[in-house]
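K.L.:
According to Swiss-Prot, the active site, tele-phosphohistidine intermediate annotation covers His190, on the basis of similarity to another entry. Under the heading phosphoenolpyruvate binding site, Swiss-Prot lists Arg297, Arg333, Asn450, Asp451, Arg461, citing similarity to another entry as support. The Mg(2+) binding site annotation in Swiss-Prot covers Glu427, Asp451 and is backed by similarity to another entry. Under the heading active site, proton donor, Swiss-Prot lists Cys498, citing similarity to another entry as support.
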Amino acid sequence: MKKIIGIGVSDGIAVAKAFIIQTPQFDVKKYTNVKMTPTQAKKLLSSAFQKAKKDLEEIKTITVKNINQEAGMIFDAHIQILNDPTITEQLEQQLNKNIHPVIAVDNVFQQTALMFSEMDDKYFKERASDILDLHQRLLSYLTGVKLNDLIRIKSDVIIVANDLTPSQTATLNKKYVKGFLTESGGKTSHAAIMARSMEIPAIVGLKNITSKVEDGKTVGINGRKGIVGFDFSSKDITQWKQEKELESNFQNELKQYTNKLVKTLDGYEVIVASNIGNVKDMDLAVEYNTNGIGLFRTEFLYMSSQDWPDESVQFEAYKTVLQKAKNDLVIIRTLDIGGDKKLNYFQFPHEDNPFLGYRAIRLTLDKQAVFKTQLRALLRASDYGNLGIMFPMVATLDELVQVKQLLTKVQQEFNETKKFKLGIMIEIPSAALAADCLGKHVDFFSIGSNDLIQYSFAADRMNKNVSYLYQPLNPALLRLIKLVVEGGKLNNVWTGMCGEMASDQYAIPLLLGLGLTELSMSASSMFKARMVIAKITINECKSLVEKALKLTSDSAVRKLVENFFKKKNIFI
């Protein structure tokens, strides 16, 4: 048997025949010399848009019926993209230049997808697949090239593809499709979300998988471990089927951990909250019984607008999430734009190192009118729930003092008394080292582990050449986190975490041992986190982290935790 390792995005084990899907090919260049008046072009494009919207409504209905309401809402987002003035205006500009609709659609949607794919934030990065899904659909109507018809599958298969669009995933028949393998995609892509909703295993990030696996041959997929097996012997198939039974038992056990409140065996309560990227994500978080929102990214409000969103638009979004959370804490991060997150209506200055430049709190302190609008919306929304306001990318005490002064000024304009908790993201080493000073001015810290790791090891986590330096369990990072927690405790400030490390099951006992009281993650990760927490004691965690801090490498710490889990019979 041969094995390939990828990124598991939906748990489960399956063994079935490979069904390879080829990406549709559109010969866009042949339309370069096809003449059409702007009026004719607009009529043709309008027809394609109407067909797309009709199809998406039908796919949504099927998805809600076969999967759930939340999965269906993905296609509301697709329809919103088609109605986005930025997209429609760019297309109209091209048509007015006598560019054929096929070429115009290809230009605009490819450029938009590229913009998202180059973003560092995984949530926004993976929206590129949604744009490309619509790109394929529109080109299909305009050129007559048919899309892959997955409804015709009538036997047990594992789909193998370069990528699966959300609309393709929605039409998969769970009776026959036992899992899928793709070259592209990530944990927060809509196709991955759909797979989890359908409860079928899925693995992404499998380079050249369509050429390594033979169509019609037996393949195995272990979604939790990210393992693909092929070229099976009969013994291999028997072994995989046995593992499938164990996996099924594990998944059934996970379903026991639905309670919002979770404690360690010795009664230490841990807040397991959810990260969301927009208002609709809140519904899935509520379905998974989240204990509040540890990170609400507000960038979507700005990136989906034609201009800086006004106070009323922001207020409605914040109010809705706060109301859905009832009285649970909702931490809303102020605008974190810049770096790889750009706006169509704002020209960022050229920078050699944009990730270390004009972004997040540095930008909003400079553009105070924009910042005040957001702060006013947040203050108004604070009447509707338990609000936490969090400032990103704070590097120095001076920055924090400046931003607090601005917030106080806005409060005075409102004549408002404080109805919120105030915190900062700790994602820059200078802030971690100064936590004792910063803690005097806030109510909470939330460690942004993704950037803290990146800046601590001077390694771009999206750069494959240095990805080996993404080491969340490295003792150096654990020591930095320890400083943050201790600095907070000196000022009665609690510390949580909202980066990917918070959902890393190997990291959880270490984080609890260091003193974190809140872990925020994607909704789908919460069951596993609750399970780990419920099977350990806080004293065990403290003892474990003491040992970890004496080690010298990420791999050594990982082995330490692995042995701890074995002794505790924790199956992950």
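Even glycines carry a Cβ here, placed using N, Cα and C.
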K.L.:
In whole Å, how far does the CA atom of Cys498 (active site, proton donor) lie from that of Glu427 (Mg(2+) binding site)?
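P.N.:
About 10 Å separates the two Cα atoms.
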K.L.:
So if I draw a 10 Å sphere around the Cβ of the residue listed as 'active site, proton donor', how many other Cβ atoms end up inside it?
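P.N.:
The answer is 28.
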K.L.:
Sorry to bug you, but what's the C-alpha spacing from Glu427 (Mg(2+) binding site) to Arg333 (phosphoenolpyruvate binding site), rounded to the closest Å?
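P.N.:
Glu427 (Mg(2+) binding site) has its Cα 13 Å from the Cα of Arg333 (phosphoenolpyruvate binding site).
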K.L.:
So for Glu427 (Mg(2+) binding site), how many other CB atoms are inside 10 Å of its CB?
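P.N.:
Around the Cβ of Glu427 (Mg(2+) binding site), 26 other Cβ atoms lie within 10 Å.
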K.L.:
Among the binding-site residues Arg297, Arg333, whose Cβ has the fewest other Cβ atoms within 10 Å?
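P.N.:
Checked Arg297, Arg333; of these binding-site residues, fewest Cβ neighbours within 10 Å: Arg297.
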K.L.:
For the C-alpha pair, I'd like the distance in angstrom between Asp451 (phosphoenolpyruvate binding site) and Glu427 (Mg(2+) binding site), rounded off.
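P.N.:
If we compare the Cα positions of Asp451 (phosphoenolpyruvate binding site) and Glu427 (Mg(2+) binding site), the gap is 5 Å.
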K.L.:
Using DSSP reduced to three states, classify Arg333 (phosphoenolpyruvate binding site) as helix, strand or coil.
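P.N.:
SS state of Arg333 (phosphoenolpyruvate binding site) = strand.
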K.L.:
Need the DSSP three-state call for Glu427 (Mg(2+) binding site) to compare against my parser.
P.N.:
coil
K.L.:
Can you grab the distance from Glu427 (Mg(2+) binding site) over to Asn450 (phosphoenolpyruvate binding site)? Cα atoms, rounded to a whole Å.
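P.N.:
Approximately 8 Å lies between the Cα of Glu427 (Mg(2+) binding site) and that of Asn450 (phosphoenolpyruvate binding site).
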K.L.:
If you count Cβ atoms within 10 Å of the Cβ of Asn450 (phosphoenolpyruvate binding site), leaving out that atom itself, what do you get?
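P.N.:
Asn450 (phosphoenolpyruvate binding site) is surrounded by 19 other Cβ atoms within 10 Å.
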